[in-house]
Amino acid sequence: MSEPLILGIESSCDETGVGIVRGNQLLANEVASSVEEHVRFGGVVPEVASRAHLEAIVPTIERALKTADVDLGQLDAIAVTAGPGLMGALVVGIAAAKALALATGKPLYGVNHLAGHVAVDLLEHGPLPQPAVALLVSGGHTSLLRVDDVATKIIEIGATIDDAAGEAYDKVARLLGLSYPGGPVIDRIANGDGDPQAAGDPTAIRFPRGLTAQKDLVKHRFDFSFSGLKTAVARWVELRQRDGLDIPLADVAASFQEAVCDVLSAKAIDACQSLGAEDLLIGGGVAANGRLRVLLAERAEERGIRLRRPRPGLCTDNGAMIAVLGAQMVSRGLPPSALDFAADSTLPVSRPLV
Amino acid sequence: MGRLPVADRLTLGVDTSTQVQVGLSDGKQVLASRTYDDPKRHVEQLAPLLSTMITEIGLDVTAVTGIVVGVGPGPYTGLRVGIATARVLGSVLGVRVRGVCSLDVLAVQWQRGERPDGDFLIATDARRREVYWARYGADGVRVDGPSVGRPDQLPALPVAGPAGLVHPELASADRTRLDGPTRLDGGVLALAGPELPDAGIEPLYLRSPDAAPPGPRKSVLAHPRALR
Ligand SMILES: [Zn+2]
């Protein structure tokens with residue numbers, strides 16, 4: 001039997017994504033983003049995102065079918081993000097997926113968005129040796145996962161206890177007077193904004209590394225905290241201003257970024273070693289961050305750990321990640337979801353399929 | 001499997017502006033009308049309700065020749081479920097999707113029953129202690145609205161619609177009794193929808209998203225926890 005042909009729909013945050021895969025082969029990955037509409041608010045506004053999903057969903061589905069040169073009738077199944085995510089956003093994708101299933105008679109799989117971030121790597125690097133560790137970092141999530149089976153068994157071993165890493169980037173960007181989203185902007189400023197001579201010194205300011213003190217490691221070995229870091233940056237900047245000193249933007253950006261990436265990579269590597277995992281997969285929008293990639297690559301290599309990173313277009317939210325996860329469910333013969341499944345804004349990663 | 005009955009015209013009605021309401025019509029009569037009574041479970045229940053309704057009357061979804069969808073006004077998350085569903089079905093089945101004001105459907109229902117003598121109102125719950133409402137002439141034509149506002153600011157006219165159930169003040173002394181429909185009928189939507197004013201297939205968003213650009217930053221020196 002040939003590999004299953006699956007259409008996947010993603011609408012959990014501010015990207016409307018529709019992807020089509022055949023097994024681990026990518027045929028289409030169409031994304032409509034509403035990020036521009038959120039810029040003036042300095043963060044994703046759920047109602048604005050939901051309205052944009054409704055506008056984008058049908059054209060994005062039609063584009064994906066055209067790109068993949070596939071007829072709905074040829075599909076083996078449809079997959080859609082059931083959660084976690086923004087409620088108003090999720091329901092648009094789910095309603096669309098259910099309507100597709102109703103109109104075509106195809107089975108429908110409601111799947112976990114976080115598991116999708118892990119599964120998407122199959123499109124680029126093939127089967128994932130298990131157990132593996134996955135580090136997911138974006139504006140919405142910061143989690144360390146133990147992956148025993150990409151379609152059926154993923155366990156969260158750590159998560160942020162306050163802000164997501166991407167959220168910390170957004171907030172620090174705002175207090176430095178930089179634009180939203182903060183991740184790419186801070187990375188760029190830290191690297192000198194196009195002039196390597198002007199790159200910031202990541203050791204210029206020693207910002208705190210959350211949950212890395214000996215006492216914190218007892219309870220929160222694999223957890224993250226970025227709220228204190230953000231406050232420390234705000235404090236440092238305000239003190240300089242109060243004393244009439246200039247703000248060395250590149251140094252602040254580089255030092256802040258170093259603090260985030262240092263903690264993320266140290267805990268991810270520690271997780272691999274403690275679980276005996278030889279593969280570390282990264283996903284989510286922040287996985288595209290240059291400094292995080294370099295630091296992870298260095299530290300992984302020192303310990304003989306293979307680093308797997310999907311290309312940036314697959315790290316951010318997209319429909320292909322949902323399609324490839326759906327393909328895994330179908331290949332394993334798992335039963336489709338009942339047509340009355342709900343959107344679950346807090347769906348735990350331990351439930352890959354609803 | 002036997003042959004499915006063939007109707008040369010089969011209109012599907014979908015409305016999620018209040019609860020989940022669906023119906024079918026052949027253009028001459030209502031063939032089916034189904035409700036799922038829960039103002040919070042649209043995304044769960046709409047597709048199963050459509051599926052059972054269509055199979056129960058022995059048809060296949062591919063027999064649908066047109067879709068009418070209620071575009072509200074109504075609470076947005078639920079409202080979008082019906083509109084997204086209708087748009088996708090329309091795209092896949094290759095049939096036209098017509099949007100109508102959901103309040104107009106209730107007005108038709110009232111006209112078909114014990115019709116009010118003069119002008120009347122239709123009101124549905126808008127949450128936040130407000131109602132969505134519109135005013136109709138004795139002939140059933142909408143003359144004002146749809147709007148959103150406080151129940152006590154509505155004109156003193158007979159009023160029907162589900163808002164009466166949540167806002168008892170709508171039945172105050174200066175109004176006639178609430179004897180009109182309290183629930184939208186998906187079958188009437190499917191039957192009358194093609195003749196109702198075209199409202200487009202955008203949701204009738206009567207409120208702007210709750211969002212404001214960030215204000216000035218608070219100092220973290222005086223209040224070290226201010227940014228948390
Ligand atoms: Zn994501």
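Every residue gets a Cβ built from N, Cα and C, even glycine.
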Among A:Asp149, A:Asp170, A:Asp195, A:Asp279 - the residue TrEMBL places in the same substrate site as A:Leu136, A:Val137, A:Ser138, A:Gly139, A:Gly140, A:Gly183, A:Asp187, A:Asn289: A:Asp170
Residue among A:Asp270, A:Asp317 sharing the Fe cation site, where TrEMBL lists A:His113, A:His117 as binders: A:Asp317
Sequence-ordered binding-site residues from A:Leu136, A:Ser138, A:Gly183, A:Asn289 with Cβ under 6 Å of an atom of ligand 1: A:Ser138
By Cα-Cα distance, the member of binding-site residues A:Leu136, A:Ser138, A:Gly140, A:Asn289 nearest A:His117 (Fe cation binding site): A:Leu136
Residue pair A:His113 (Fe cation binding site), A:Ser138 (substrate binding site) - Cα distance, angstrom, rounded: 12
Alpha-carbon distance [A:Ser138 (substrate binding site); A:Asp317 (Fe cation binding site)] in Å: 9
In three-state DSSP terms, the structure that A:Leu136 (substrate binding site) belongs to: strand
Lowest local Cβ density (other Cβ within 10 Å) among binding-site residues: A:Ser138, A:Asn289: A:Ser138
Cβ neighbours of A:Gly140 (substrate binding site) where a neighbour is any other Cβ within 10 Å: 22
